[in-house]
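Participant: Sharing a structure below in structure tokens format, with a few things to ask.
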2 protein chains.
Amino acid sequence: MKTSIVRVELSGRSYDIYIASGAFDLAVSAAKDRLSRRNPVAFVSEENIWGKFVNFDNPDFENCAKIIVENGEGAKCFRNLERICRELAQRNVDRSGAVFAVGGGVVGDLAGFSAASYMRGIDFYQVPTTLLAMVDSSVGGKTGINIPEGKNLVGAFHQPKAVFIDTSFLKTLPAREFSAGMAEVIKYGLLGDKSFFGFLENLKEPLSASHPEIGNVIAHCCKMKAKIVSNDERETSKDGGRALLNLGHTFAHAIENTAGYGHYLHGEAVGLGMLLAARMSEKLGMLSEEETSRIRRILEIYDLPVKFREPISSDLLIEAGRRDKKAMSGKSRYVLMNGIGTSVVVPGIEESLAREIFETAMG
Amino acid sequence: MKTSIVRVELSGRSYDIYIASGAFDLAVSAAKDRLSRRNPVAFVSEENIWGKFVNFDNPDFENCAKIIVENGEGAKCFRNLERICRELAQRNVDRSGAVFAVGGGVVGDLAGFSAASYMRGIDFYQVPTTLLAMVDSSVGGKTGINIPEGKNLVGAFHQPKAVFIDTSFLKTLPAREFSAGMAEVIKYGLLGDKSFFGFLENLKEPLSASHPEIGNVIAHCCKMKAKIVSNDERETSKDGGRALLNLGHTFAHAIENTAGYGHYLHGEAVGLGMLLAARMSEKLGMLSEEETSRIRRILEIYDLPVKFREPISSDLLIEAGRRDKKAMSGKSRYVLMNGIGTSVVVPGIEESLAREIFETAMG
């Protein structure tokens, strides 16, 4: 097993991301190591992961809490947060304990927020099983749950102790989920690396679980994210920083919130959101028509939606946008592109423009 | 209005505690100042506070969220956390927003955790209305809620931007609540200031809301807490640090958890817990019989319980103790006294000793 290691530099909270086919064994070793020091370990996973290719039912983990949540975005809720915290307490997990999140972004965000809040913070480890979680949500310490008013509106910054990315997990990932992850991969090219975007465009075969470049692509995305997170851990930078990772996300959150969680996978909404961000950028003279077309084309290669599947009320989209975390004092900020590979935060966008752009996706 | 200002030094998160009869006006000014910059403000308070001597129903605060929770420890629950976060979202509170917690420790802990979690952390201000909250829970950034498995098992470290202590609020505080706060005042003497304990013992009149020393006593407690918190914000110190503030609390949490939240006020349980800690210290040869008697005497002066009001099962007390956050890897740690004024953390206490000590409070 050849392992790529990407370091996330955050002084006292620095950690490594291990990327390899078979990296899951490293997670198992980390859990065993903690248990050998008599520190409690709990696993949080989801229905279609546990017992499929992950097996913690060996005697070493007999006494560990194993908490399985339902599939889908709906699992990121207060009910599951409470359930996990209570189960940790019932299993006598103390401050020396750790939570291992084994699953997609939903499990990582939920388990991470549970670990952040339980006893005001215990250790946790990310073991992402989807492409989206591998390149995005498992790195950087953003954790949280949804409320009916919006996605990720409740949460914490809580960095993992390590991230273990086992690329062999991708082989059983449904095609639609793989595509959703590709939206976040493409995002890295759009927000900060023109040549990486070109590399993705020019691949002879589209990326897939068995593509020889998949490990390198994931490592490249993690490196980009690690660098951005190191410079702006809590998204307080004035000139972009971590906020640039939200390219397409203001649109995406409004779409997900309005269409109902789960109707679009997060990555699908992000893909469409990036196309809308491209159109807004083009409208403001920041991006050429040809660049917008290139973005549309690569989304289509990965079967990502380039318009709404069903009509959505633009009033509701606008209303949802107002509640987005990126809004400040009632003004809307969007991450837009000054050409492919150069994202910038643009404040003070009029609602009328957002509405016009949303309407381009209507049909 | 003569205002004492105590600084809590925490580099980027430093803040001031303002102590004065009438300091509430300063909180009102802070809220108005934020509103004048078009930053949303929300108030969280409790039933018997709102409208009694606090009136935010002036036109300046017309558009602010005002969230009132029920009285008592039971309000520190997931249901209220969810309710507050949802209400903040419904009122379009964004990252520039702030929560003002106006009430006792329950409101401060609950509102503080809501502010810590909403959008992964917005500003908050503590406006404590009880003696206990003034000298202890409003300072230091510990926030949280209870679960049936134990007190404060879910929460966050989230420092306030400022604390406004209006000592005039104490004039309408029920005597029992005042006494409960006195337990935490006495604690500061026991854990780190022998002469302050002596000062309390030798007061001609016991402290009360109208006692000329009340403001100075509160300021002294805040100074002691500020110093401890500055040196050990996240309770990670190996040689005591912030953990010393938990003198009496391991016993107290077990008592509260077993008797049912609310049966004992937190301060009442802490008072009794400190007496039990004194007996354990005496048993281990760390404290003299005479010192234990002095501790018992001052608790009696303030009508604090020195035994259980009703019998409690020591099995249940021990079980609750096992779940306490201070437990590490199954071993029980207690904060004990090496003489009045010098607390130390003592690990590896046998359950049989804890049981024996609990039983001294049975009748």
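Glycine is no exception: its Cβ is also placed from the backbone N, Cα and C atoms.
Here's the feature list from TrEMBL:
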{"type": "DOMAIN", "residues": "A:67-179", "note": "domain '3-dehydroquinate synthase N-terminal'"}
{"type": "BINDING", "residues": "A:G105, A:V106, A:V107, A:G108, A:D109, A:T129, A:T130, A:K142, A:K151, A:F169, A:L170, A:K171, A:T172", "note": "NAD(+) binding site"}
{"type": "DOMAIN", "residues": "A:181-327", "note": "domain '3-dehydroquinate synthase C-terminal'"}
{"type": "BINDING", "residues": "A:E184, A:H249, A:H266", "note": "Zn(2+) binding site"}
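For each listed feature, how buried is it and what is near it?
Facilitator: A:D109 (NAD(+) binding site) is surrounded by 26 other CB atoms, counting those within 10 A of its CB over all protein chains shown.
Counting residues of the domain '3-dehydroquinate synthase C-terminal' (A:181-327) by DSSP class, helix then strand then coil, yields 95 helix, 2 strand, 50 coil.
Here A:H266 (Zn(2+) binding site) comes close to A:E73, A:G105, A:L132, A:A180, A:A252, A:E256: these same-chain residues lie at least six apart in sequence, with C-beta atoms under 8 angstroms from its C-beta.
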Participant: May I ask for the distance between A:V107 (NAD(+) binding site) and A:E184 (Zn(2+) binding site), taken between their Cα atoms and rounded to an integer number of Å?
Facilitator: 18
Participant: To the nearest Å, how far is the Cα of A:D109 (NAD(+) binding site) from the Cα of A:E184 (Zn(2+) binding site)?
Facilitator: 16
Participant: To the nearest whole angstrom, what is the C-alpha distance linking A:T130 (NAD(+) binding site) and A:H249 (Zn(2+) binding site)?
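Facilitator: Approximately 19 Å lies between the Cα of A:T130 (NAD(+) binding site) and that of A:H249 (Zn(2+) binding site).
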Participant: Using a Cβ-Cβ cut-off under 8 angstroms and a sequence gap of six or more, which residues of the chain neighbour A:E184 (Zn(2+) binding site)?
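Facilitator: Once residues fewer than 6 apart are set aside, A:E184 (Zn(2+) binding site) is near A:L131, A:L132, A:V135, A:D136, A:C221, A:G267, A:V270.
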Participant: Between C-alpha atoms, which of these binding-site residues comes nearest to A:H249 (Zn(2+) binding site): A:K151, A:L170, A:T172?
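Facilitator: Minimum Cα distance from A:H249 (Zn(2+) binding site) across A:K151, A:L170, A:T172 lands on A:K151.
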Participant: For the Zn(2+) site (A:E184, A:H249, A:H266), what does the 8 A shell look like? I mean other same-chain residues with CB within 8 A of the CB centroid.
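Facilitator: These residues sit around the Zn(2+) site: A:L132, A:D136, A:A183, A:K187, A:G248, A:A252, A:G267, A:A269, A:V270, A:G273.
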